[in-house]
Amino acid sequence: MKTVLAIFSSLNGTEGNSSKLANEYLLKIENDDSVRINRVDVASLALPHLTGEEMQAWMTDASERNESQHALAKISDNIVEAVKAADEIVLAVPMYNFGIPSSLKAYFDRIARAGITFKYTETGPVGLLENKSATVFAARGGVYAGSDFDTQTPYLKHFLNFIGISDVNFVYAEGLNMGEEQANSAFADANEKIIELTKG
């Protein structure tokens, strides 16, 4: 059984363009009896920004945590458990002010745990989440891929690589606010990429 963790982050929910792209991909694989899909909408989760108190809860031995620390550590523990259980991570990512949504960053902050999802060595950090892949569906109002304005792609690649996920595919739909013709063309190109990714 292949487990897919689909992470959505659009403020527009299922109507968001990144959500539509990711759902098109999931639609093509969900009828396979060997695939199980778990969905999470980080925009609706409304995770708070990471605090020193929460990080301290992680670093406190479980046997020594107080009630508040147990509750704080559980937030990250549940997220990490879902990521560890997945064979593929699907990310639906809109571009907000040239970056990823803050809700997604808050989610990522609960994934990066020293000794759990990565470790430090004499030669640098090593990711611990091996044998996983990620597929990113990036929707943008303008055209930014390959330019300095695209901070998403390098950040997402670096973060995923950092925790051990090096098999990463990107599907872009750009220029969605630059007229109907451009938007239709962008979606058509993205759908072709989706078909390629779901073949066989």
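Placement of Cβ uses the backbone N, Cα and C atoms for every residue, glycine included.
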FMN site partner of Met95, Tyr96, Asn97, Phe98 (as recorded in Swiss-Prot), chosen from Ser10, Ser185: Ser10
Binding-site residues compared (Ser10, Asn97) - the one with the fewest other Cβ atoms within 10 Å: Asn97
Fewest-neighbour residue among binding-site residues, criterion Cβ within 10 Å, set Tyr96, Phe98: Phe98
For FMN: widest Cα to Cα gap among Ser10, Met95, Tyr96, Asn97, Phe98 in Å: 14
